[in-house]
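Undergrad: Here's the feature list from TrEMBL:
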type	residues	note
DOMAIN	53-134	domain 'Cobalamin synthesis G N-terminal'
REGION	178-205	region 'Disordered'
DOMAIN	228-352	domain 'CobE/GbiG C-terminal'
DOMAIN	360-565	domain 'Tetrapyrrole methylase'
Amino acid sequence: MNAPNAPAGLVGLVSATAAGRRARDRLAAAWPEATRVYDTGGEGGTAGTVREAVTRAFAECDRLVCFLATGATVRLIAPLLGGKADDPGVVCVDEAQRYAVALLGGHAGGANDLAHAVAEALPGCRPVVTTATDAAGVPGLDTLGLPVEGAVAAVSRAILDGEPVRLVRHSVLPLPALPPNVAEATDSATQSDGGPGGRGADDGYTLLVSDRAATPGDRTAVLRPPTLAVGVGASRGAPADEVAALVGQALADAGLSPLSVTELATVEAKAGEEGIVEAARRLGVPLRTYPAEELAVVPVPHPSDAPLAAVGTPSVAEAAALLACGEGAELVVPKRKSAPEGRAAMATCAVARRRHRGRLAVVGLGPGARDLLTPRARDELRRASVVVGLDQYVDQIRDLLRPGARVLESGLGAEEERARTAVAEARAGHAVALIGSGDAGVYAMASPALAEASADIDVVGVPGVTAALAAAALLGAPLGHDHVSISLSDLHTPWEVIERRVRAAAESDLVVTFYNPRSRGRDWQLPKALALLAEHRAPHTPAGVVRNASRPGERTTVTTLGELDPGTVDMMTVVTVGNTATRTVAGRMVTPRGYRWQESR
Ligand code: SAH
(Lines of atoms letter the chains of each structure in order from A and count residues from 1; the text may use other names and numbers.)
(Lines give C-alpha, C1' and ligand atoms only; values in the text may rest on other atoms or scores of the structure.)
Protein backbone atom coordinates (compact mmCIF):
# COMPACT_ATOMS: atom_id res chain seq x y z
CA MET A 1 0.00 0.00 0.00
CA ASN A 2 1.14 3.55 -0.65
CA ALA A 3 2.48 5.63 2.23
CA PRO A 4 0.06 8.42 3.26
CA ASN A 5 2.01 11.13 1.43
CA ALA A 6 1.93 9.28 -1.90
CA PRO A 7 1.36 11.63 -4.83
CA ALA A 8 -1.72 11.30 -7.03
CA GLY A 9 -1.30 10.03 -10.58
CA LEU A 10 1.72 8.19 -11.93
CA VAL A 11 5.28 9.18 -11.05
CA GLY A 12 8.10 7.99 -13.33
CA LEU A 13 11.43 7.31 -11.61
CA VAL A 14 14.68 7.65 -13.56
CA SER A 15 18.16 7.10 -12.16
CA ALA A 16 21.64 6.70 -13.60
CA THR A 17 23.90 5.75 -10.69
CA ALA A 18 23.96 3.17 -7.89
CA ALA A 19 23.13 5.81 -5.26
CA GLY A 20 20.30 7.09 -7.43
CA ARG A 21 18.94 3.58 -7.83
CA ARG A 22 18.91 3.08 -4.06
CA ALA A 23 16.92 6.28 -3.53
CA ARG A 24 14.68 5.36 -6.44
CA ASP A 25 13.93 1.94 -4.90
CA ARG A 26 13.07 3.60 -1.64
CA LEU A 27 10.46 5.77 -3.32
CA ALA A 28 9.15 2.85 -5.34
CA ALA A 29 8.74 0.87 -2.10
CA ALA A 30 7.03 3.77 -0.33
CA TRP A 31 4.58 4.42 -3.17
CA PRO A 32 4.27 1.12 -5.02
CA GLU A 33 0.99 1.99 -6.69
CA ALA A 34 1.97 5.50 -7.71
CA THR A 35 5.40 4.91 -9.26
CA ARG A 36 6.90 3.32 -12.36
CA VAL A 37 10.62 2.61 -12.59
CA TYR A 38 12.35 3.39 -15.88
CA ASP A 39 15.48 1.24 -16.01
CA THR A 40 18.68 2.51 -17.52
CA GLY A 41 22.19 1.13 -18.13
CA GLY A 42 23.08 -2.46 -17.63
CA GLU A 43 20.23 -3.68 -15.46
CA GLY A 44 17.71 -5.91 -17.18
CA GLY A 45 17.27 -6.61 -20.84
CA THR A 46 14.97 -3.70 -21.66
CA ALA A 47 17.22 -1.01 -20.21
CA GLY A 48 18.10 1.83 -22.51
CA THR A 49 19.96 5.09 -22.19
CA VAL A 50 19.05 7.73 -19.64
CA ARG A 51 17.80 9.91 -22.48
CA GLU A 52 15.45 7.17 -23.64
CA ALA A 53 14.17 6.60 -20.10
CA VAL A 54 13.48 10.30 -19.53
CA THR A 55 11.77 10.61 -22.91
CA ARG A 56 9.47 7.68 -22.26
CA ALA A 57 8.67 8.73 -18.70
CA PHE A 58 7.96 12.29 -19.86
CA ALA A 59 5.41 10.99 -22.34
CA GLU A 60 3.79 8.39 -20.08
CA CYS A 61 3.70 9.89 -16.56
CA ASP A 62 2.01 12.74 -14.70
CA ARG A 63 5.25 13.55 -12.91
CA LEU A 64 8.92 12.55 -12.95
CA VAL A 65 11.55 12.18 -10.29
CA CYS A 66 15.02 12.23 -11.88
CA PHE A 67 17.90 11.13 -9.69
CA LEU A 68 20.17 13.25 -11.82
CA ALA A 69 21.87 16.64 -11.64
CA THR A 70 19.61 19.56 -12.59
CA GLY A 71 21.89 20.42 -15.53
CA ALA A 72 21.67 16.93 -17.00
CA THR A 73 17.91 16.89 -16.49
CA VAL A 74 17.44 20.30 -18.14
CA ARG A 75 19.33 19.12 -21.23
CA LEU A 76 17.33 15.91 -21.39
CA ILE A 77 13.88 17.46 -21.07
CA ALA A 78 14.50 20.62 -23.10
CA PRO A 79 13.58 19.04 -26.45
CA LEU A 80 10.46 17.49 -24.89
CA LEU A 81 8.86 20.67 -23.53
CA GLY A 82 5.37 21.36 -24.79
CA GLY A 83 3.46 23.80 -22.64
CA LYS A 84 2.70 24.64 -19.02
CA ALA A 85 -0.68 22.99 -19.16
CA ASP A 86 0.50 19.62 -20.49
CA ASP A 87 4.09 19.04 -19.37
CA PRO A 88 4.55 16.71 -16.41
CA GLY A 89 6.02 18.12 -13.22
CA VAL A 90 9.70 17.28 -12.84
CA VAL A 91 11.65 16.93 -9.61
CA CYS A 92 15.44 16.35 -9.45
CA VAL A 93 17.12 14.62 -6.54
CA ASP A 94 20.87 15.01 -6.15
CA GLU A 95 23.32 12.13 -5.76
CA ALA A 96 23.56 12.57 -1.97
CA GLN A 97 19.77 12.92 -1.64
CA ARG A 98 20.08 16.22 0.16
CA TYR A 99 17.66 18.14 -2.06
CA ALA A 100 14.47 17.48 -4.00
CA VAL A 101 14.36 20.32 -6.50
CA ALA A 102 11.06 21.21 -8.17
CA LEU A 103 12.45 21.90 -11.63
CA LEU A 104 9.44 22.09 -13.93
CA GLY A 105 5.69 22.46 -13.49
CA GLY A 106 5.67 23.70 -9.89
CA HIS A 107 1.95 24.36 -9.63
CA ALA A 108 0.13 22.94 -12.63
CA GLY A 109 2.48 19.95 -12.95
CA GLY A 110 2.44 19.26 -9.21
CA ALA A 111 6.23 19.41 -8.89
CA ASN A 112 6.19 21.57 -5.75
CA ASP A 113 3.98 19.14 -3.87
CA LEU A 114 5.99 16.23 -5.21
CA ALA A 115 9.26 17.83 -4.02
CA HIS A 116 7.78 18.05 -0.52
CA ALA A 117 6.55 14.46 -0.63
CA VAL A 118 9.90 13.15 -1.91
CA ALA A 119 11.77 15.07 0.77
CA GLU A 120 9.57 13.49 3.40
CA ALA A 121 10.15 9.99 2.03
CA LEU A 122 13.95 10.33 1.82
CA PRO A 123 15.63 10.89 5.20
CA GLY A 124 17.65 14.11 5.40
CA CYS A 125 16.29 15.41 2.10
CA ARG A 126 14.91 18.97 1.82
CA PRO A 127 12.50 20.35 -0.75
CA VAL A 128 13.66 23.22 -2.95
CA VAL A 129 10.78 25.24 -4.36
CA THR A 130 11.31 28.40 -6.37
CA THR A 131 7.89 29.32 -7.76
CA ALA A 132 6.98 32.82 -6.71
CA THR A 133 3.86 32.33 -4.61
CA ASP A 134 5.38 29.53 -2.59
CA ALA A 135 8.72 31.20 -2.06
CA ALA A 136 7.11 34.46 -0.96
CA GLY A 137 4.90 32.68 1.56
CA VAL A 138 1.86 34.08 -0.21
CA PRO A 139 -0.80 31.44 -0.70
CA GLY A 140 -1.53 30.76 -4.35
CA LEU A 141 -5.16 31.69 -4.93
CA ASP A 142 -5.71 28.12 -6.03
CA THR A 143 -4.37 26.74 -2.73
CA LEU A 144 -6.85 28.35 -0.36
CA GLY A 145 -9.17 25.37 -0.50
CA LEU A 146 -11.94 27.37 -2.21
CA PRO A 147 -13.11 27.18 -5.80
CA VAL A 148 -11.59 30.09 -7.68
CA GLU A 149 -12.40 31.45 -11.12
CA GLY A 150 -11.76 34.46 -13.31
CA ALA A 151 -8.37 36.08 -13.79
CA VAL A 152 -6.56 33.83 -11.32
CA ALA A 153 -3.11 34.07 -12.92
CA ALA A 154 -3.26 37.84 -13.47
CA VAL A 155 -4.40 38.58 -9.93
CA SER A 156 -1.86 36.16 -8.38
CA ARG A 157 0.84 37.92 -10.40
CA ALA A 158 -0.36 41.34 -9.23
CA ILE A 159 -0.35 40.16 -5.60
CA LEU A 160 3.25 38.99 -5.94
CA ASP A 161 4.41 42.04 -7.84
CA GLY A 162 3.14 44.25 -5.05
CA GLU A 163 0.58 46.00 -7.21
CA PRO A 164 -2.51 47.29 -5.46
CA VAL A 165 -5.24 44.65 -5.37
CA ARG A 166 -8.68 45.42 -4.00
CA LEU A 167 -10.12 42.79 -1.70
CA VAL A 168 -13.90 42.83 -1.86
CA ARG A 169 -15.70 40.47 0.44
CA HIS A 170 -19.39 39.79 0.15
CA SER A 171 -18.93 37.01 2.67
CA VAL A 172 -17.08 37.39 5.90
CA LEU A 173 -14.77 34.45 5.63
CA PRO A 174 -11.57 33.87 7.58
CA LEU A 175 -8.90 34.12 4.88
CA PRO A 176 -5.23 33.59 5.57
CA ALA A 177 -3.08 36.71 5.64
CA LEU A 178 -2.44 38.37 2.31
CA PRO A 179 0.34 40.90 1.71
CA PRO A 180 -0.29 44.58 2.42
CA ASN A 181 -0.85 45.44 -1.24
CA VAL A 182 -4.09 43.46 -1.01
CA ALA A 183 -6.31 45.91 0.82
CA GLU A 184 -9.89 45.52 1.90
CA ALA A 185 -12.16 47.81 -0.08
CA THR A 186 -14.19 50.38 1.80
CA ASP A 187 -17.68 49.57 3.02
CA SER A 188 -19.50 51.22 0.15
CA ALA A 189 -17.53 49.21 -2.40
CA THR A 190 -18.20 46.04 -0.43
CA GLN A 191 -21.91 46.67 -0.50
CA SER A 192 -22.06 47.43 -4.21
CA ASP A 193 -23.42 44.56 -6.16
CA GLY A 194 -22.48 45.91 -9.53
CA GLY A 195 -18.74 46.22 -9.51
CA PRO A 196 -17.24 42.74 -9.23
CA GLY A 197 -15.55 43.26 -12.57
CA GLY A 198 -13.26 45.73 -10.92
CA ARG A 199 -13.47 47.94 -14.00
CA GLY A 200 -15.09 50.72 -12.06
CA ALA A 201 -13.34 53.64 -10.47
CA ASP A 202 -9.71 52.57 -10.65
CA ASP A 203 -9.64 49.82 -13.26
CA GLY A 204 -7.24 47.87 -11.04
CA TYR A 205 -7.01 44.27 -9.87
CA THR A 206 -9.69 42.87 -7.61
CA LEU A 207 -9.89 39.78 -5.47
CA LEU A 208 -13.55 39.14 -4.87
CA VAL A 209 -14.92 36.77 -2.25
CA SER A 210 -18.51 36.20 -3.23
CA ASP A 211 -21.21 33.63 -3.82
CA ARG A 212 -22.91 35.92 -6.33
CA ALA A 213 -22.82 34.74 -9.90
CA ALA A 214 -21.52 37.93 -11.54
CA THR A 215 -19.09 37.26 -14.39
CA PRO A 216 -15.76 38.79 -13.45
CA GLY A 217 -13.79 41.05 -15.78
CA ASP A 218 -10.27 40.27 -16.89
CA ARG A 219 -8.67 41.72 -13.78
CA THR A 220 -10.81 40.04 -11.17
CA ALA A 221 -10.39 36.66 -9.55
CA VAL A 222 -13.33 35.33 -7.59
CA LEU A 223 -13.03 33.04 -4.61
CA ARG A 224 -16.23 31.11 -4.10
CA PRO A 225 -16.95 30.74 -0.39
CA PRO A 226 -18.84 27.63 0.78
CA THR A 227 -21.94 29.56 1.76
CA LEU A 228 -24.97 27.96 0.15
CA ALA A 229 -27.07 24.84 0.67
CA VAL A 230 -29.93 23.81 -1.59
CA GLY A 231 -32.90 22.02 -0.05
CA VAL A 232 -34.89 19.77 -2.37
CA GLY A 233 -38.09 17.79 -2.17
CA ALA A 234 -39.45 15.47 -4.85
CA SER A 235 -42.34 13.08 -5.43
CA ARG A 236 -41.45 9.46 -6.11
CA GLY A 237 -40.03 9.05 -9.59
CA ALA A 238 -39.29 12.74 -10.20
CA PRO A 239 -36.91 12.86 -13.19
CA ALA A 240 -33.33 14.02 -12.55
CA ASP A 241 -33.63 16.55 -15.37
CA GLU A 242 -36.57 18.17 -13.63
CA VAL A 243 -34.80 18.39 -10.25
CA ALA A 244 -31.51 19.60 -11.75
CA ALA A 245 -33.22 22.21 -13.95
CA LEU A 246 -35.17 23.52 -10.97
CA VAL A 247 -32.03 23.88 -8.85
CA GLY A 248 -30.08 25.50 -11.71
CA GLN A 249 -32.87 27.96 -12.44
CA ALA A 250 -33.36 28.84 -8.77
CA LEU A 251 -29.66 29.69 -8.42
CA ALA A 252 -29.55 31.59 -11.70
CA ASP A 253 -32.67 33.65 -10.93
CA ALA A 254 -31.25 34.59 -7.54
CA GLY A 255 -27.86 35.47 -9.08
CA LEU A 256 -26.01 32.84 -7.06
CA SER A 257 -22.94 30.82 -8.10
CA PRO A 258 -23.28 27.02 -8.12
CA LEU A 259 -19.60 26.92 -7.04
CA SER A 260 -20.65 28.21 -3.62
CA VAL A 261 -23.16 25.39 -3.07
CA THR A 262 -21.78 22.86 -0.59
CA GLU A 263 -24.58 20.32 -0.49
CA LEU A 264 -28.04 19.26 -1.57
CA ALA A 265 -30.24 18.55 1.45
CA THR A 266 -33.47 16.61 1.80
CA VAL A 267 -35.49 14.38 4.12
CA GLU A 268 -34.19 10.91 5.03
CA ALA A 269 -37.11 9.21 3.30
CA LYS A 270 -35.78 10.60 -0.01
CA ALA A 271 -32.18 9.45 0.46
CA GLY A 272 -32.55 6.99 -2.42
CA GLU A 273 -34.73 9.12 -4.71
CA GLU A 274 -32.93 8.77 -8.04
CA GLY A 275 -33.74 12.24 -9.38
CA ILE A 276 -32.34 13.92 -6.25
CA VAL A 277 -29.24 11.70 -6.06
CA GLU A 278 -28.47 12.42 -9.70
CA ALA A 279 -29.06 16.18 -9.32
CA ALA A 280 -26.49 16.26 -6.48
CA ARG A 281 -24.05 14.33 -8.64
CA ARG A 282 -24.45 16.77 -11.50
CA LEU A 283 -23.89 19.71 -9.18
CA GLY A 284 -20.80 17.96 -7.80
CA VAL A 285 -21.92 18.14 -4.16
CA PRO A 286 -22.85 15.54 -1.53
CA LEU A 287 -26.46 14.75 -0.69
CA ARG A 288 -27.25 15.24 2.97
CA THR A 289 -30.42 13.93 4.59
CA TYR A 290 -32.29 14.79 7.79
CA PRO A 291 -34.91 12.87 9.77
CA ALA A 292 -38.45 14.23 9.29
CA GLU A 293 -38.70 15.04 13.04
CA GLU A 294 -35.72 17.39 12.77
CA LEU A 295 -37.12 19.13 9.69
CA ALA A 296 -40.58 19.43 11.23
CA VAL A 297 -39.38 21.79 14.00
CA VAL A 298 -37.55 24.26 11.74
CA PRO A 299 -39.60 27.45 11.39
CA VAL A 300 -40.17 28.08 7.67
CA PRO A 301 -42.18 30.67 5.72
CA HIS A 302 -44.05 28.16 3.52
CA PRO A 303 -45.16 25.02 5.39
CA SER A 304 -47.69 22.82 3.57
CA ASP A 305 -49.86 19.78 4.12
CA ALA A 306 -48.65 17.64 1.23
CA PRO A 307 -45.19 16.77 2.57
CA LEU A 308 -46.65 16.45 6.08
CA ALA A 309 -48.89 13.64 4.84
CA ALA A 310 -46.21 12.05 2.64
CA VAL A 311 -43.05 12.17 4.78
CA GLY A 312 -44.09 13.63 8.14
CA THR A 313 -42.80 17.21 7.97
CA PRO A 314 -44.61 20.33 6.77
CA SER A 315 -41.47 21.47 4.94
CA VAL A 316 -38.68 19.60 3.17
CA ALA A 317 -36.90 22.03 0.84
CA GLU A 318 -36.88 25.12 3.06
CA ALA A 319 -36.33 23.25 6.31
CA ALA A 320 -33.49 21.10 4.89
CA ALA A 321 -31.70 24.10 3.36
CA LEU A 322 -31.93 26.03 6.64
CA LEU A 323 -30.87 23.06 8.74
CA ALA A 324 -27.88 22.39 6.49
CA CYS A 325 -26.70 25.96 7.01
CA GLY A 326 -26.90 25.85 10.80
CA GLU A 327 -27.37 28.70 13.21
CA GLY A 328 -27.94 32.13 11.73
CA ALA A 329 -28.92 30.73 8.33
CA GLU A 330 -30.83 32.97 5.97
CA LEU A 331 -33.32 31.74 3.37
CA VAL A 332 -32.21 33.39 0.11
CA VAL A 333 -34.55 31.53 -2.23
CA PRO A 334 -37.92 30.55 -0.70
CA LYS A 335 -39.57 27.34 -1.84
CA ARG A 336 -40.30 27.17 -5.53
CA LYS A 337 -41.76 24.41 -7.68
CA SER A 338 -40.49 22.92 -10.88
CA ALA A 339 -42.41 23.81 -14.04
CA PRO A 340 -42.41 20.82 -16.37
CA GLU A 341 -44.42 21.24 -19.52
CA GLY A 342 -47.81 19.56 -19.67
CA ARG A 343 -47.90 17.92 -16.22
CA ALA A 344 -47.86 18.61 -12.51
CA ALA A 345 -44.65 19.68 -10.78
CA MET A 346 -42.77 16.86 -9.03
CA ALA A 347 -39.96 18.81 -7.31
CA THR A 348 -39.44 21.75 -4.96
CA CYS A 349 -36.30 23.56 -3.96
CA ALA A 350 -35.09 26.36 -1.69
CA VAL A 351 -31.68 27.92 -1.08
CA ALA A 352 -30.20 29.03 2.22
CA ARG A 353 -27.01 30.91 3.00
CA ARG A 354 -24.97 30.20 6.09
CA ARG A 355 -23.58 32.91 8.23
CA HIS A 356 -19.83 32.74 8.14
CA ARG A 357 -17.96 32.32 11.31
CA GLY A 358 -14.69 33.89 12.22
CA ARG A 359 -12.00 31.75 13.78
CA LEU A 360 -10.15 32.25 17.00
CA ALA A 361 -7.16 29.97 17.50
CA VAL A 362 -5.72 30.04 21.00
CA VAL A 363 -2.16 28.94 20.38
CA GLY A 364 0.44 27.85 22.92
CA LEU A 365 3.95 28.53 21.66
CA GLY A 366 5.78 26.25 24.09
CA PRO A 367 8.47 27.36 26.50
CA GLY A 368 10.75 28.99 23.93
CA ALA A 369 12.79 26.63 21.76
CA ARG A 370 11.54 26.47 18.18
CA ASP A 371 11.52 22.68 18.14
CA LEU A 372 9.12 22.66 21.09
CA LEU A 373 6.58 24.61 19.03
CA THR A 374 4.13 22.02 17.71
CA PRO A 375 3.51 21.65 13.97
CA ARG A 376 -0.14 22.38 14.64
CA ALA A 377 0.72 25.67 16.32
CA ARG A 378 2.93 26.52 13.36
CA ASP A 379 0.05 25.80 10.96
CA GLU A 380 -2.31 28.04 12.90
CA LEU A 381 0.24 30.85 12.87
CA ARG A 382 0.64 30.48 9.10
CA ARG A 383 -3.09 30.56 8.69
CA ALA A 384 -3.78 33.63 10.80
CA SER A 385 -4.55 37.00 9.26
CA VAL A 386 -4.52 38.66 12.67
CA VAL A 387 -2.13 37.79 15.50
CA VAL A 388 -2.78 39.05 19.02
CA GLY A 389 -0.32 38.69 21.85
CA LEU A 390 2.28 40.04 24.19
CA ASP A 391 5.13 41.67 22.24
CA GLN A 392 7.79 39.31 23.61
CA TYR A 393 5.81 36.28 22.44
CA VAL A 394 5.17 37.80 19.02
CA ASP A 395 8.94 38.20 18.68
CA GLN A 396 9.29 34.49 19.36
CA ILE A 397 7.36 33.60 16.16
CA ARG A 398 7.32 36.68 13.94
CA ASP A 399 9.27 34.93 11.16
CA LEU A 400 6.55 32.27 10.88
CA LEU A 401 3.74 34.70 10.09
CA ARG A 402 2.57 35.22 6.56
CA PRO A 403 3.42 38.50 4.90
CA GLY A 404 0.59 40.92 5.54
CA ALA A 405 -0.56 39.34 8.78
CA ARG A 406 -1.79 42.10 11.06
CA VAL A 407 0.03 41.95 14.39
CA LEU A 408 -1.68 43.49 17.40
CA GLU A 409 0.93 43.36 20.13
CA SER A 410 0.86 44.91 23.53
CA GLY A 411 3.01 45.06 26.62
CA LEU A 412 2.52 43.25 29.92
CA GLY A 413 -0.85 43.74 31.58
CA ALA A 414 -3.83 44.74 29.45
CA GLU A 415 -4.85 41.06 29.34
CA GLU A 416 -8.53 41.77 29.18
CA GLU A 417 -8.10 44.28 26.42
CA ARG A 418 -6.02 41.78 24.43
CA ALA A 419 -8.66 39.14 24.91
CA ARG A 420 -11.43 41.50 23.83
CA THR A 421 -9.49 42.58 20.75
CA ALA A 422 -8.90 38.99 19.67
CA VAL A 423 -12.56 38.10 20.04
CA ALA A 424 -13.73 41.24 18.24
CA GLU A 425 -11.42 40.49 15.29
CA ALA A 426 -12.75 36.94 15.07
CA ARG A 427 -16.33 38.20 15.17
CA ALA A 428 -15.48 40.46 12.25
CA GLY A 429 -14.73 37.28 10.31
CA HIS A 430 -10.95 37.11 10.50
CA ALA A 431 -8.68 34.17 11.22
CA VAL A 432 -7.19 35.22 14.53
CA ALA A 433 -4.37 33.61 16.48
CA LEU A 434 -4.20 34.59 20.13
CA ILE A 435 -0.79 33.48 21.31
CA GLY A 436 0.80 32.75 24.65
CA SER A 437 3.98 31.10 25.85
CA GLY A 438 3.89 27.55 27.13
CA ASP A 439 0.25 26.55 26.97
CA ALA A 440 -2.04 29.47 26.24
CA GLY A 441 -4.61 28.06 28.65
CA VAL A 442 -2.28 27.84 31.66
CA TYR A 443 -2.22 31.12 33.63
CA ALA A 444 -2.71 32.82 30.29
CA MET A 445 -5.03 34.26 27.69
CA ALA A 446 -7.41 31.40 26.90
CA SER A 447 -9.73 31.99 29.86
CA PRO A 448 -10.18 35.77 29.54
CA ALA A 449 -10.66 35.32 25.77
CA LEU A 450 -13.22 32.53 26.04
CA ALA A 451 -15.02 34.38 28.81
CA GLU A 452 -15.61 37.10 26.20
CA ALA A 453 -16.28 34.85 23.21
CA SER A 454 -19.82 34.31 21.98
CA ALA A 455 -21.12 31.20 20.22
CA ASP A 456 -20.92 32.86 16.80
CA ILE A 457 -17.20 32.24 16.30
CA ASP A 458 -15.22 29.04 15.95
CA VAL A 459 -12.64 28.50 18.66
CA VAL A 460 -9.69 26.17 18.24
CA GLY A 461 -7.23 25.46 21.04
CA VAL A 462 -3.69 24.35 20.26
CA PRO A 463 -1.94 22.94 23.32
CA GLY A 464 1.63 23.91 24.10
CA VAL A 465 4.35 22.55 26.35
CA THR A 466 3.76 24.36 29.61
CA ALA A 467 6.65 25.51 31.82
CA ALA A 468 6.04 22.77 34.41
CA LEU A 469 6.58 20.08 31.76
CA ALA A 470 9.55 21.79 30.15
CA ALA A 471 11.14 22.12 33.59
CA ALA A 472 10.28 18.56 34.60
CA ALA A 473 12.05 17.18 31.54
CA LEU A 474 15.19 19.03 32.62
CA LEU A 475 14.92 17.99 36.25
CA GLY A 476 14.38 14.28 35.59
CA ALA A 477 11.03 12.71 36.40
CA PRO A 478 9.57 14.82 39.22
CA LEU A 479 5.94 14.53 38.02
CA GLY A 480 5.77 10.72 38.05
CA HIS A 481 2.89 10.76 40.53
CA ASP A 482 0.05 13.16 41.42
CA HIS A 483 1.07 16.76 41.06
CA VAL A 484 -0.31 20.26 41.06
CA SER A 485 0.62 23.70 39.75
CA ILE A 486 0.17 26.74 41.96
CA SER A 487 0.76 30.33 40.95
CA LEU A 488 2.23 32.43 43.74
CA SER A 489 1.14 35.66 42.11
CA ASP A 490 -1.24 37.44 44.46
CA LEU A 491 -1.97 40.21 41.98
CA HIS A 492 -5.34 38.73 41.01
CA THR A 493 -5.78 36.10 43.74
CA PRO A 494 -5.90 36.93 47.46
CA TRP A 495 -2.96 35.43 49.37
CA GLU A 496 -5.33 33.58 51.74
CA VAL A 497 -6.63 31.55 48.81
CA ILE A 498 -3.12 30.74 47.60
CA GLU A 499 -2.04 29.75 51.10
CA ARG A 500 -5.06 27.46 51.53
CA ARG A 501 -4.13 25.65 48.31
CA VAL A 502 -0.46 25.31 49.26
CA ARG A 503 -1.51 23.84 52.64
CA ALA A 504 -3.84 21.39 50.92
CA ALA A 505 -1.08 20.32 48.54
CA ALA A 506 1.28 19.92 51.49
CA GLU A 507 -1.18 17.82 53.45
CA SER A 508 -2.08 15.62 50.50
CA ASP A 509 1.56 15.05 49.57
CA LEU A 510 1.27 16.34 46.01
CA VAL A 511 4.33 17.26 43.99
CA VAL A 512 4.04 21.04 43.58
CA THR A 513 5.23 23.31 40.75
CA PHE A 514 5.16 27.01 41.57
CA TYR A 515 4.55 29.38 38.66
CA ASN A 516 5.17 33.14 39.08
CA PRO A 517 7.23 32.22 42.15
CA ARG A 518 8.98 35.49 42.91
CA SER A 519 9.46 38.98 41.51
CA ARG A 520 11.15 42.12 42.74
CA GLY A 521 8.00 43.34 44.43
CA ARG A 522 6.88 39.90 45.67
CA ASP A 523 9.64 38.25 47.61
CA TRP A 524 8.09 36.80 50.77
CA GLN A 525 5.54 34.47 49.15
CA LEU A 526 7.97 31.76 48.00
CA PRO A 527 9.72 31.33 51.40
CA LYS A 528 6.30 31.22 53.04
CA ALA A 529 5.02 28.60 50.60
CA LEU A 530 8.15 26.46 51.06
CA ALA A 531 7.73 26.69 54.83
CA LEU A 532 4.16 25.40 54.51
CA LEU A 533 5.38 22.41 52.48
CA ALA A 534 8.16 21.81 55.03
CA GLU A 535 5.52 21.20 57.72
CA HIS A 536 4.75 17.91 55.94
CA ARG A 537 8.00 17.08 54.09
CA ALA A 538 11.53 16.47 55.30
CA PRO A 539 14.24 19.07 54.59
CA HIS A 540 16.02 16.55 52.30
CA THR A 541 12.95 16.38 49.96
CA PRO A 542 14.31 17.02 46.45
CA ALA A 543 13.40 20.36 44.86
CA GLY A 544 14.24 21.76 41.45
CA VAL A 545 14.71 25.31 40.23
CA VAL A 546 14.55 25.85 36.48
CA ARG A 547 15.14 29.25 34.95
CA ASN A 548 14.46 29.97 31.26
CA ALA A 549 13.62 26.39 30.32
CA SER A 550 14.45 25.87 26.63
CA ARG A 551 15.44 29.51 26.22
CA PRO A 552 18.83 31.19 26.08
CA GLY A 553 20.31 31.27 29.58
CA GLU A 554 18.61 28.04 30.64
CA ARG A 555 19.66 26.97 34.15
CA THR A 556 18.62 23.87 36.07
CA THR A 557 19.35 23.26 39.73
CA VAL A 558 18.43 20.17 41.71
CA THR A 559 18.54 20.94 45.42
CA THR A 560 16.42 20.18 48.50
CA LEU A 561 13.48 21.80 50.23
CA GLY A 562 15.77 22.73 53.11
CA GLU A 563 18.53 24.22 51.00
CA LEU A 564 16.59 25.95 48.21
CA ASP A 565 17.82 29.53 47.94
CA PRO A 566 14.90 31.86 47.01
CA GLY A 567 17.51 34.39 45.85
CA THR A 568 18.10 32.22 42.74
CA VAL A 569 14.43 32.43 41.82
CA ASP A 570 12.75 35.10 39.68
CA MET A 571 9.83 35.46 37.26
CA MET A 572 11.61 33.46 34.55
CA THR A 573 11.68 30.50 36.89
CA VAL A 574 9.54 27.62 38.03
CA VAL A 575 10.15 25.73 41.28
CA THR A 576 9.17 22.07 41.61
CA VAL A 577 9.11 20.43 45.03
CA GLY A 578 8.91 16.63 45.25
CA ASN A 579 6.57 14.61 47.46
CA THR A 580 7.69 12.45 50.39
CA ALA A 581 8.63 9.63 47.99
CA THR A 582 10.71 11.73 45.58
CA ARG A 583 14.41 10.84 45.50
CA THR A 584 17.48 12.23 43.86
CA VAL A 585 19.08 9.60 41.62
CA ALA A 586 22.33 10.48 39.83
CA GLY A 587 21.54 14.17 40.26
CA ARG A 588 18.02 13.85 38.86
CA MET A 589 14.67 14.19 40.62
CA VAL A 590 12.65 10.99 40.46
CA THR A 591 9.13 10.66 41.85
CA PRO A 592 8.12 6.99 41.90
CA ARG A 593 4.93 5.91 40.13
CA GLY A 594 3.40 4.48 43.31
CA TYR A 595 3.90 4.53 47.04
CA ARG A 596 4.48 0.77 47.12
CA TRP A 597 7.90 1.43 45.64
CA GLN A 598 8.67 3.45 48.75
CA GLU A 599 7.38 0.77 51.16
CA SER A 600 9.44 -1.98 49.57
CA ARG A 601 12.67 -0.10 50.15
N1 SAH B 1 1.32 30.00 29.92
C2 SAH B 1 2.62 29.82 30.54
C3 SAH B 1 2.68 30.30 31.97
C4 SAH B 1 2.45 31.77 32.13
S5 SAH B 1 2.67 32.32 33.78
C6 SAH B 1 3.00 28.33 30.45
O7 SAH B 1 2.13 27.50 30.15
O8 SAH B 1 4.17 28.01 30.69
C9 SAH B 1 4.33 32.89 33.73
C10 SAH B 1 5.24 32.02 34.59
O11 SAH B 1 5.46 30.81 33.91
C12 SAH B 1 6.62 32.58 34.84
O13 SAH B 1 6.62 33.48 35.93
C14 SAH B 1 7.40 31.34 35.15
O15 SAH B 1 7.13 30.92 36.46
C16 SAH B 1 6.76 30.32 34.22
N17 SAH B 1 7.50 30.14 32.96
C18 SAH B 1 7.03 30.37 31.72
N19 SAH B 1 7.95 30.02 30.81
C20 SAH B 1 9.01 29.54 31.46
C21 SAH B 1 10.28 29.01 31.06
N22 SAH B 1 10.61 28.91 29.77
N23 SAH B 1 11.14 28.60 32.02
C24 SAH B 1 10.80 28.71 33.32
N25 SAH B 1 9.62 29.20 33.75
C26 SAH B 1 8.74 29.62 32.84
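Every residue, even glycine, has its Cβ placed from backbone N, Cα and C.
Just so you know, TrEMBL annotations are computer predictions that nobody has curated.
Since we're looking at a predicted model, the values are computed, not measured.
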Undergrad: Counting by DSSP secondary structure, give me helix, strand and coil numbers for the domain 'CobE/GbiG C-terminal' (228-352).
TA: 51 helix, 33 strand, 41 coil
Undergrad: Given the model, what does the mean pLDDT over the domain 'CobE/GbiG C-terminal' (228-352) come out as?
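TA: Here the predicted model's pLDDT, averaged over the domain 'CobE/GbiG C-terminal' (228-352), is 95.
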Undergrad: Over the span of the domain 'Cobalamin synthesis G N-terminal' (53-134), count residues by DSSP class, listing helix, strand and coil in order.
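TA: Tallying H, G and I as helix, E and B as strand, the rest coil: 33 helix, 19 strand, 30 coil.
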